[in-house]
Amino acid sequence: FPDLETNSDLNSDDFEYEDEAKLVLFPDHYEIPLPNIEELPALVTIACDALLSAKSPYRKQDPDSWEEELQASKHAKTLVQLDNGVRIPPSGWKCSKCDLRENLWLNLTDGSVLCGKWFFDGSGGNGHATEHYKETGYPLAVKLGTITPDGADVYSFDEEEPVLDPHIAKHLAHFGIDMLQMQVTENGLRDNDIKPRVSEWEVIQEAGVKLKPMYGPGYTGMKNLGNSCYLSVVMQAIFSIPEFQRAYVGNLPRIFDYSPLDPTQDFSTQMAKLGHGLLSGQYSKPPMKSELIEQVMKEEHKAQHNGISPQMFKAFISKGHPEFSSNRQQDALEFFLHLINLVERNPVGSENPSDVFRFLVEERTQCCQSRKVRYTERVDYIMQLPVAMEAATNKDELIAYELKRREAEATRRPLPELVRAKIPFRACLQAFSEPSNVEDFWSSALQAKSAGVKTSRFASFPEYLVVQIKKFTFGLDWIPKKLDISIDMPDFLDINHLRARGLQPGEEELPDLAPPIIIPDDPKALDIDECSVMQLAEMGFPLEACRKAVYYTGNMGAEVAFNWIIAHMEEPDFAEPLVIPAYGEVASNGAAAFGAVGLDNQPPEEMVAIIISMGFQRNLAIQALKATNNNLERGLEWIFSHPELEEESEPALDMMDMDNSANANIAETGLEGPRVKDGSGRYELFGFISHMGTSTMSGHYVCHLKKEGRWVIYNDLRVCASERPPKDLGYIYFYHRIPS
């Protein structure tokens with residue numbers, strides 16, 4: 001059996017090693033060196049050869065494969081530098097086209113300071129440095145913050161690779177930069193600048209505080225494979241939940257016994273393996289006293305080989321995904337939804353652990369002119385909490401800080417100490433519950449477009465409530481930005497007042513009529529609801545994927561488009577640009593976006609998959625779509641209005657020997673639609689994920705979890721008792737229901 005990957009770095013220059021393979025027979029631990037054709041049966045020999053020749057994820061991600069000797073740029077010797085008087089200050093840099101202060105590049109021809117876009121170091125940006133090269137043809141740029149007396153990171157846009165610049169000292173001096181006085185920094189500040197600001201990096205990672213390491217079961221760290229912290233923090237939170245522990249680690253012997261011939265491609269096997277590594281305690285052992293004494297006597301510190309390296313897990317779970325399969329930073333929330341989608345599609349045992357997150361949302365839409373209403377329900381897994389910036393309690397401080405910041409930038413002086421907006425949690429919760437305008441609302445009562453408002457309430461409360469703070473948004477120029485805020489998130493949360501109430505006395509329902517379908521003469525001119533696109537993009541999904549989701553669901557709103565994303569996020573072209581089909585490819589009902597409609601009016605498989613992903617049965621999904629002429633939104637409404645048909649259908653899990661005791665707390669609504677575990681709306685905080693950086697495409701994630709009555713910080717391989725958990729700076733919060 002393959003052993004778990006520990007954190008031993010065999011690529012270090014301090015070691016020389018060679019591969020040695022042995023076949024080990026248990027329980028006697030008898031070793032047979034390989035190859036050994038004479039003593040082994042033919043089938044065993046073939047199996048061993050296949051294992052040894054298989055492509056391992058460790059070989060694929062070998063860091064040495066990235067280390068190539070840099071070549072001198074062909075432009076270095078003849079580079080022309082403009083005599084435009086530009087002088088670069090030692091600190092306070094920012095992109096001249098946006099407000100980014102990370103991943104900044106100095107063009108060595110004209111002195112422009114611009115942001116990069118996923119260059120070789122893995123950083124993220126908006127690509128303004130590349131755009132500038134395409135406009136001007138100026139080929140070389142140096143990364144600010146990497147300049148030292150020994151050199152700097154130089155990139156050639158023309159040669160499309162990192163290069164050496166033998167004349168870098170002269171080229172930098174042209175802009176007033178003395179290499180001998182420069183030190184490597186992350187933000188341009190040096191020791192002789194003003195005292196550094198207390199940034200979110202320091203607060204979230206609890207820098208400056210001596211943290212006590214934690215060891216044992218449940219306190220195992222995970223090696224950062226290069227921008228893989230988004231995966232680590234989500235998995236740490238997931239495997240702190242008992243339902244996931246039981247489903248995968250509790251069933252580990254059974255999962256391993258029934259794993260396929262290639263366990264590296266089996267979801268349950270990889271989940272069980274990772275969960276065992278995190279929870280067993282075998283990879284989180286304290287150093288022996290003799291080792292500590294030896295280190296002190298020799299005045300050296302040997303890194304402990306604790307923690308696991310999730311290379312095989314990442315290679316499998318990201319296979320075929322355009323974003324997660326890369327080495328770039330990703331949105332932790334998007335990965336969480338991707339994981340839940342895989343859990344839904346790969347059930348294990350009699351209990352589906354993802355049921356603990358699923359809940360129903362009641363949408364109440366009202367026509368402002370006729371005052372008539374429509375109630376619909378949808379499935380969700382996260383509660384998105386808007387940020388009520390207008391409710392900040394320190395507005396005067398924010399105004400004063402902004403004035404000082406602009407003055408410092410104008411005079412090229414160090415920036416003042418950061419003032420973070422303080423937002424009351426109750427204001428964010430109020431903003432969540434308030435009505436929102438419905439863009440492009442068509443009133444079936446008026447048979448015309450009208451003003452409409454929508455409110456959302458919980459039709460059921462989940463066992464575990466996941467709350468996302470909508471920190472990431474887009475500016476007027478569509479440049480993504482992050483709101484630097486502090487929210488007083490409560491340890492105990494009561495949202496029972498947000499329970500849905502359904503149609504109230506005196507309310508009149510909107511007629512069940514669909515808007516007329518208008519096919520434009522030029523399908524490429526079809527409008528896409530940009531409001532829905534922005535709502536999805538703020539959740540962290542790729543912009544082009546959001547546009548396709550809204551287009552392919554006929555502009556029926558962000559909720560329906562979200563379900564399309566969940567059903568299609570593993571497709572290879574998920575994030576590719578939208579291609580509008582030709583006129584002849586457009587179906588009369590708009591269903592062509594999901595696939596061709598059969599001669600027998602068989603619903604498109606993509607539409608069926610979306611409804612199944614919400615927890616409904618396949619036969620009911622097909623029946624609903626046929627009854628509504630393959631209209632996805634009306635099909636969902638049809639299902640909720642015909643609960644008796646669900647009872648007549650075969651159970652969705654009839655092949656899985658359902659354990660009644662394991663599902664005793666599933667509400668009655670689970671028999672009439674998606675499986676939900678309804679109950680009280682009172683919760684207690686047990687974990688949160690925090691992000692540092694200006695964008696989900698860059699920066700770093702850490703996780704805080706409450707275990708055995710105290711908070712613990714998980715920062716890659718470091719697992720320590722938390723002294724000051726920054727609960728006000730989190731991005732994703734995890735609450736569990738308080739038993740009533």
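Count begins at 1; order follows the chain as displayed.
Backbone N, Cα and C atoms are what each Cβ position is placed from, and that goes for glycine too.
On a predicted model such as this, the values are computed, not experimentally measured, just so you know.
Annotated features, as they stand in TrEMBL:
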- 71-179: domain 'UBP-type' (DOMAIN)
- C95, C98, C115, H128: Zn(2+) binding site (BINDING)
- 220-738: domain 'USP' (DOMAIN)
- C229: active site, nucleophile (ACT_SITE)
- 527-568: domain 'UBA' (DOMAIN)
- 602-642: domain 'UBA' (DOMAIN)
- H700: active site, proton acceptor (ACT_SITE)
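Cβ packing within 10 Å was compared across the recorded positions H128, H700, and the lowest neighbour count falls to H700. Within 10 Å of its Cβ, the residue among the binding-site residues C98, C115 with the fewest other Cβ atoms is C98. Taken together, the residues in the domain 'USP' (220-738) have a mean pLDDT of 81 on the 0 to 100 scale. The residues of the domain 'UBP-type' (71-179), classed with DSSP into helix (H, G, I), strand (E, B) and coil, number 16 helix, 21 strand, 72 coil.
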